[in-house]
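Listed in TrEMBL for this protein:
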- 51-75: transmembrane segment (TRANSMEM)
- 64-334: domain 'G-protein coupled receptors family 1 profile' (DOMAIN)
- 87-112: transmembrane segment (TRANSMEM)
- 132-153: transmembrane segment (TRANSMEM)
- 174-197: transmembrane segment (TRANSMEM)
- 221-251: transmembrane segment (TRANSMEM)
- 272-295: transmembrane segment (TRANSMEM)
- 315-337: transmembrane segment (TRANSMEM)
Amino acid sequence: MLALSHYNSSASPLLPHFSNDSAGKVEVGVAVEGLLQQGNFSSVQPNTSGVIVVILSMTLGIISNIVALFILANAYSLQRRRSKATFLLFASSLVVTDFIGHVIPGALVLRLYLHGGVRPEDFDSSDGMCQFLGGSMVFFGLCPLFMGCAMAAERCLGVTRPLLHSALVTKTRTKICLSVIWLAALCVAILPCFQLGSYNYQDPGTWCFINVLSDTEEVDVAFVVLFSGLGLTSLAVAMVCNTISGLTLVLARLRRQPGSHHSAKSHDIEMVVQLVGIMVTSCICWSPLLIFGLMSVIHSYTGSIGDDLSNYKTLMVMGVRLATWNQILDPWVYILLRRTVLRKIYLIAKCQVGLRGNILGRWEPTSFPSSEKKEVNQV
C-alpha cells in the first residue's frame, strides 16, 4: 500500500504558477497527476477495508486472550496438583505473550495502514519503527513456538517418567525456563542491531520483517536460516513429544484392567489434548511463513528469483497473515479443549454413535470424571 504524501505546489519549482480560475485548477490537476504517474509522489489514501480488518482482528485477539487468561488464572488458583500447576503456568505465560504480541505489532500495523503505508521505493529502507516492528514479529513469533516445545517436553517427561518429573520440575525451574525462552527470543530479535541481518518494509508497505527479497547478503540468509530453523525445530520437537505422550496414554488405557480407575490420568489426557491443539495451530499458522521465508531468501541471494518476485511477495503476505492468526487461535485451545467441554463432546458422541462393549467403550468416563459418571455408565 502506498503512503499518503502531502504536496505543496507553490513550494515546488516543477510546477508553474496558475491562476485561481477553473481552467487553472484543471491544469494543476493534470500536472500533479502526471508527476504521480512518474512515481515521484504518492497520494493514495488509507485503505478503509484494510483498517477495518486490522481493527476487527485486534479486537477478536484481545477478547480471546483475555477470556483464556481468566480461565487459566481461575484454574491455576484452584489447582493443587504440581504437574497441572506447572502446565497452567506455562499456558498462562503463553497466553500473556500472545496477548502482548497481538497488541503491539497490531497497533504498529494499524498506524501504517492509517498513514497509507510506505511508498514502493522505500520498501528497502528501514527506520526506527520498522526495526521495532520487525523485531517484535521475530520475538513474538519465536516465543510461542519455544513455549509450545517446552510444554510438550515437560508433559512427555511427566507422562513417561512421572517420578523423574516430580524430582526435576518445580515452579521455580519453570519460571527460569520461561525467562530463558524470552531471553533467547530477544537475543535473536535484536541481532540486526549488531548488523547480523536486517529488517525492512515488506509489500504492500504496511509491515516490516527480515529482509528476504531485495539485496540479500550472507548475514540476511544466516538470519533467516536461524529464525526459520529455530521455529521449525521447535515444531518438530513438539510433534515428537506430543506423539510419544499420546501413544503412552493410549497404551496405558488399553492395558488397564477392567474395573480399575485411574482418574489422575484425566489431567494428563486434558493437557496432552490441549498441547496437540497448540501444536496443530502453530504448524498451520507459522509453517508457511517459516518455509516461505527460507525459499525467498535463498532464491533472492542466488539471483534465481527472476520474474517470480511478485509471487514471492504474495507468498510472504499470505504467510504473515496466517501467522497473525496464531495469537487469535491459541486462546481458543484452552477455551474449547477443557475437561468440561471434552466431557460434553464425549457424552454427545457416545450417545450418537451408541457403541457398547467395543473399543470405544474401554475409554470410560473416568477420563473426564464428574458427577455425570454414573449416568454415563448406565448408557
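Placement of Cβ uses the backbone N, Cα and C atoms for every residue, glycine included.
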Stretch contact, the transmembrane segment (272-295) with the transmembrane segment (132-153), Cβ-Cβ under 8 Å, 3+ pairs: yes
Integer mean pLDDT for the domain 'G-protein coupled receptors family 1 profile' (64-334): 87
Residues from the same chain, set at least six apart from the ends of the transmembrane segment (132-153), whose C-beta lies under 8 A from its own: 87, 90-91, 93-94, 97-98, 100-102, 104-105, 108-109, 126, 177-178, 181-182, 184-186, 188-190, 192, 199-200, 207-210, 227, 230-231, 234-235, 237-239, 241-242, 245, 275, 278-279, 282, 286, 289, 320, 323, 326-327, 330
Top partner of the transmembrane segment (315-337) among 87-112, 174-197, 221-251 - counted as Cβ pairs under 8 Å: 87-112
Intrachain neighbours beyond the transmembrane segment (174-197), with Cβ under 8 angstroms and 6 or more residues off its ends: 86, 89-90, 93, 97, 131, 134-136, 138-140, 142-143, 146-147, 150, 154, 210-211, 219-220, 222-224, 226-227, 230
